[in-house]
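Step one of this worksheet: look at the structure below.
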């Protein structure tokens with residue numbers, strides 16, 4: 001019994017990532033860490049009474065569960081925290097090596113560092129712009145080719161009959177593109193699926209998502225997004241651009257590529273999480289900026305979505321990166337379009353300029369806009385709920401790569417089929433105008449000289465459809481066409497998001513919104529007797545697009561600025577802001593934003609801006625994990641190796657304690673050391689005995705730690721002989737001598753604030769005589785969230 | 001000074017209220033004129049010319065009298081102006097009847113040429129007889145710049161109609177492309193006329209080749225951008241005749257196969273999801289079930305304590 005107990009309590013030393021499913025409901029967990037066992041049962045009863053939200057079922061099962069803690073299987077749901085996610089080390093480790101290096105560095109060296117930060121930001125901008133340019137051109141070429149082939153085929157078969165063959169051709173072409181993209185994503189790099197914004201958001205929040213900023217991910221992402229857009233799925237290429245920007249930033253700032261095994265011996269100082277994370281926020285900004293031609297929007301996106309650590313210089317650098325990115329994109333696109341030097345064609349998605357007479361809006365339209373905002377919020381919440389259920393289904397049942405590819409193929413085929421049917425049965429014919437030359441207009445059964453209006457919406461890349469919805473003359477679309485289009489595209493987009501292809505949700509949302517917004521404009525104009533000049537459908541399309549996008553992704557500040565910048569029109573700032581506000585308020589009432597849903601479904605320990613409300617009564621004592629695995633300042637190598645290689649306790653940070661000699665007093669905290677550091681130390685065999693015998697041995701420098709970053713070898717790959725196990729290791733030089741500590745009565749919000757504001761990874765809980773009694777990590781904090789019935793607790797799980 | 005006075009004068013005639021807008025001096029003179037007006041109460045605006053000279057004795061005021069010699073437009077220039085007017089009228093006279101159906105390029109290119117020519121003369125900076133150039137005196141001596149505006153209106157009309165694509169560079173004749181198109185168009189129209197009476201299906205069948213040639217020719221010209229408004233309009237009319245009047249568009253007659261194929265495709269995902277749902281349920285062990293171990297330490301601690 002004692003043995004088992006030990007094992008269990010061992011497992012509950014949930015350090016950064018405790019044991020397999022250390023998921024203890026709060027009810028039980030609150031009791032663990034009490035080292036002072038005088039807290040009696042009444043205390044726990046009190047807790048139970050207070051914590052009425054704990055599922056009764058959970059309660060029972062936990063009691064019925066065998067004490068050994070046999071893993072219990074439950075289907076995937078949103079109330080889990082995965083063990084595979086770890087924190088980034090944002091906090092600086094001010095150990096002696098660091099101080100030494102700082103001493104050695106001249107003022108000139110610091111200046112150089114500052115300059116190289118700027119150089120890196122410039123490079124990030126340029127490379128991101130180039131990638132955006134590449135994606136844009138490739139999509140245009142491939143989609144153009146595809147639509148040309150299908151168009152010719154349709155024209156041929158309209159005449160002689162056999163249009164179902166065109167339908168099949170369309171579906172097959174779609175599937176071919178999606179097949180390539182799907183295989184790339186599903187088999188080579190699953191993290192590249194989706195828009196990548198949730199992942200980047202998590203990264204900027206301080207969560208290390210495995211493989212999210214690797215070169216391979218970038219390659220898969222770029223090819224994947226080209227394939228999925230060219231494959232006619234209801235997706236956009238803007239979200240992936242943001243992810244690509246992040247990867248570029250993470251790569252460039254390191255001055256080497258671990259995947260290619262090339263080290264350029266540059267920027268070595270930046271090889272740590274702190275610097276990398278700052279650069280990734282610059283990269284994300286550059287991505288937004290390239291995608292929408294919105295440099296300021298990009299900076300604000302980084303601010304809103306991620307960077308918790310913000311200062312004026314960093315902001316300015318990020319702005320620099322995003323400006324450079326827009327500039328690069330414009331420059332190369334101008335060359336591509338045969339107008340070298342023309343820098344006025346910004347953004348992957350160019351909403352086009354609104355003509356001056358259609359931009360006018362009047363005060364009496366504001367309520368209308370706000371109603372549209374509310375509608376956008378409702379539709380967005382519906383979209384998110386549907387997608388939520390779909391994603392849960394996918395996680396539970398469609399998890400094998402081949403199934404995922406098949407699903408993507410099916411979606412591609414169905415998209416083609418539905419689009420074709422819509423076009424085929426549409427009776428909405430509009431005359432060809434001079435401005436319609438650029439796209440692939442289909443005539444089908446329309447009179448000569450007219451085109452099928454449904455085809456401009458379906459038979460086109462989504463972003464061109466957006467542009468035509470914004471800018472075509474009033475009367476270019478039937479209300480019927482728009483209604484049907486909105487309906488089908490809504491479900492198609494909802495179905496598509498979350499597939500194993502890299503694809504963004506920005507453009508589909510804009511498209512849905514633009515369609516129903518335009519519909520609103522047309523209906524308004526028809527309700528009022530003397531067709532008023534203010535009911536310009538294009539304007540309402542813009543407002544609808546903003547409302548729908550706001551309703552789905554729930555971004556506020558950055559989205560307003562992005563929309564304003566992408567349309568190149570500050571005049572609409574006020575209505576867009578109002579619409580986004582309303583959409584967010586209405587949407588939040590029903591369902592979270594799409595990105596938040598996906599973050600939750602991936603069980604990421606995400607820290608929001610604030611601790612959940614009504615959590616002040618929780619103290620560090622209840623929150624922390626305990627007991628903690630500690631090391632002595634001079635520790636036996638064997639112990640360290642054993643602790644590190646214990647697979648059940650994949651801890652990442654260890655408080656270092658010092659035992660006062662010849663006394664019964666418990667050990668006192670004197671520092672904190674990370675697993676990565678220990679591994680480097682073991683690798684270099686920094687043992688006390690060896691140092692004595694070989695005086696000439698090179699002293700370990702900070703550089704050795706940086707060289708191993710970011711892929712520290714696993715402990716299994718480090719060979720320690722039996723003799724060496726008996727050696728001692730002195731951690732004094734390497735540990736962080738001043739870790740942050742809190743007393744055990746600190747409230748949860750206070751701990752939370754420390755974590756969020758300082759970017760901590762471990763927070764030691766110490767008592768009044770500086771003994772370690774617990775350790776708070778990200779997962780300990782992230783598990784509390786405010787659910788529908790009050791404070792709820794997430795469970796840890798192995799995924 | 002003078003224009004102000006005049007302006008105020010009119011104001012007084014019209015509303016008879018002391019103006020507060022102007023400076024003192026002007027105001028004074030204005031009230032002066034008002035006084036004078038009271039002396040002649042029956043004056044109306046029509047009588048402007050007679051009281052005005054009396055207002056400000058220092059200036060010559062007659063609108064009819066001529067300007068000094070050096071400010072006058074020379075005879076040469078006024079001749080040019082006259083010719084411009086005539087040709088302008090001729091061109092407009094030509095344009096208006098050609099508005100519907102549009103034939104502005106075919107019928108009026110030569111008159112347009114003459115307008116262009118005379119305007120060139122006016123706007124050239126070459127000295128005419130008597131060492132005068134009319135450019136400055138006719139085109140830009142005043143704010144209105146009437147001649148220039150009139151001409152630029154015509155020019156923008158010409159540009160909008162894309163007539164330059166159908167007319168040779170020297171505005172002498174229509175291009176060969178245009179003529180060829182017109183003859184093809186005529187063939188088609190004759191064909192239409194021939195079969196117009198009877199059944200339209202007959203027409204659709206028989207004129208299909210002529211119409212098809214025309215269509216091909218048109219799209220070819222569209223690619224080469226040798227279209228002008230005449231051709232576009234003629235083609236539009238023909239297409240409308242063909243599609244709307246004679247109803248020769250392609251009928252929608254493949255509903256069944258299209259519906260069959262697309263509903264088959266719609267059916268696939270249902271099978272897929274159903275099968276993956278059922279299939280996966282059978283192999284439930286293989287699912288990635290998040291594992292949750294109950295470590296129950298607290299319970300055990302309590303038990304420890306109790307025992």
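Quick reminder: no glycine exception, Cβ is built from N, Cα and C everywhere.
Summarising the annotation, TrEMBL assigns region 'Disordered' to A:1-43.
Among the features that TrEMBL reports, compositional bias 'Polar residues' is placed at A:1-12.
What TrEMBL records for A:118-139 (among others) is transmembrane segment. Listed as Cβ neighbours of the transmembrane segment (A:118-139) (distance under 8 Å, sequence separation of 6 or more from its ends, same chain) are residues 218, 222, 225-226, 229-230, 237, 240-241, 244-245, 248-249, 252-253, 267, 270, 279, 282-283, 286-287, 289-291, 317-318, 320-329, 331-333, 336, 348, 461.
When Cβ-Cβ distances below 8 Å are used as the criterion, the transmembrane segment (A:167-188) is approached by residues 142, 146, 149-150, 153, 216, 220, 223-228, 230-233, 401-402, 404-405, 408-409, 411-413, 415-417, 419-420, 499-502 of the same chain, each at least six residues removed from its ends. Marked as transmembrane segment by TrEMBL: A:167-188 (among others).
As annotated by TrEMBL, transmembrane segment applies to A:218-236 (among others).
Annotation comment: TrEMBL describes A:279-302 (among others) as transmembrane segment.
The transmembrane segment annotation in TrEMBL covers A:314-336 (among others).
Here TrEMBL flags A:366-390 (among others) as transmembrane segment. Packing against the transmembrane segment (A:366-390) from elsewhere in the chain are residues 78, 490-491, 493-495, 497-498, 509, 512-513, 516-517, 520, 524, 540, 543-544, 546-552, 554, 574-575, 578-594, 597, 601: each is 6 or more residues past its ends and has a CB under 8 Å from a CB in it.
Marked as transmembrane segment by TrEMBL: A:402-425 (among others).
As annotated by TrEMBL, transmembrane segment applies to A:480-500 (among others).
What TrEMBL lists as transmembrane segment is A:506-528 (among others).
Positions annotated as transmembrane segment by TrEMBL: A:540-564 (among others).
Per TrEMBL, the feature transmembrane segment maps to A:570-590 (among others). Proximity of distant same-chain residues to the transmembrane segment (A:570-590), defined by a Cβ-Cβ separation under 8 Å and at least 6 residues beyond the stretch ends, is recorded for 354, 359, 361, 365-366, 369-370, 372-374, 376-378, 380-381, 384-385, 542-543, 546-548, 550-552, 554-556, 559-560, 563-564.
Residue counts for the domain 'CBS' (A:735-793) by DSSP state, with H, G and I taken as helix and E and B as strand, are 16 helix, 24 strand, 19 coil. The feature domain 'CBS' is assigned by TrEMBL to A:735-793.
Cβ atoms under 8 Å from those of the transmembrane segment (A:402-425) belong to residues 163, 166-167, 170-171, 173-175, 177-179, 181-183, 185-187, 231-234, 394, 442, 444, 452, 454-455, 458-459, 484-485, 488, 492, 495-496, 499-501 of the same chain, restricted to positions at least 6 beyond its ends.
Residues of the same chain lying 6 or more positions beyond the ends of the transmembrane segment (A:218-236) and with a Cβ under 8 Å from any Cβ of it are 131, 134-135, 138-139, 142-143, 146, 170, 173-178, 180-182, 184-185, 188-189, 192-193, 196, 243-244, 247-248, 251, 349, 408, 411-412, 415-416, 419, 461-463, 489, 492-493, 495-497, 499, 501-508, 510-511.
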